[in-house]
């Protein structure tokens with residue numbers, strides 16, 4: 001017996017628009033965060049636009065040891081290891097992945113989107129803890145990316161539920 005063929009299912013328009021907006025914002029913030037970190041490495045006195053006061057300093061957080069490889073990969077792979085990249089590089093890859101995989105309605109893509117979103121929220125919670133309790137800083141760029149990651153988790157969960165319902169309807173026997 002042949003496996004059932006699923007018809008093409010598309011996601012709601014609001015999901016595509018929301019995903020595009022969140023990913024575009026995430027990509028732009030990741031690029032800016034990368035720029036801030038590079039400038040801070042080049043010139044330790046560099047003052048970024050997001051450095052608004054003594055307690056609101058994104059450059060301090062981005063240039064800290066937790067700003068590269070989540071503060072973990074450097075001790076595993078070495079400070080100059082290829083995987084010990086700025087967190088903004090991982091963010092850029094994540095948002096591009098979310099954008100590209102969001103263009104397809106496949107089950108595998110939906111699972112990858114959901115899994116990577118869960119990982120990003122766990123990473124965001126870890127970095128938020130470091131930001132508040134260890135660095136004692138307020139990084140507006142960091143906080144906004146944490147919110148974007150949480151929004152993507154919600155979008156991906158809604159997508160998974162929507163696609164699951166659509167596929168179940170397709171597999172139900174037709175009543176004459």
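Just so you know, the numbers here start at 1 and follow the chain as drawn.
Cβ atoms are placed via backbone N, Cα and C, with glycine included.
Topological domains recorded in Swiss-Prot put residue 39 on the other membrane side from residue 103. Here the candidates are the recorded positions 87, 139, 142, and by Cα distance the one nearest residue 50 (disulfide bond) turns out to be 139.
Nearest Cα neighbour of residue 139 (disulfide bond) among the listed recorded positions (58, 87, 146): 58. Taking Cβ pairs closer than 8 Å, the transmembrane segment (139-160) reaches residues 11, 15, 18-19, 22-23, 25-26, 29-30, 32-33, 36, 50, 52, 56-58, 60-62, 91, 95, 98, 102, 110-111, 113-114, 117-118, 120-121, 123-125, 127-128, 131 in its own chain, all 6 or more past its ends. Cα spacing between residue 142 (disulfide bond) and residue 58 (disulfide bond): 7 Å, rounded to the nearest whole number.
In the shown protein chains, 25 other C-beta atoms lie within 10 A of the C-beta of residue 87 ((S)-warfarin binding site).
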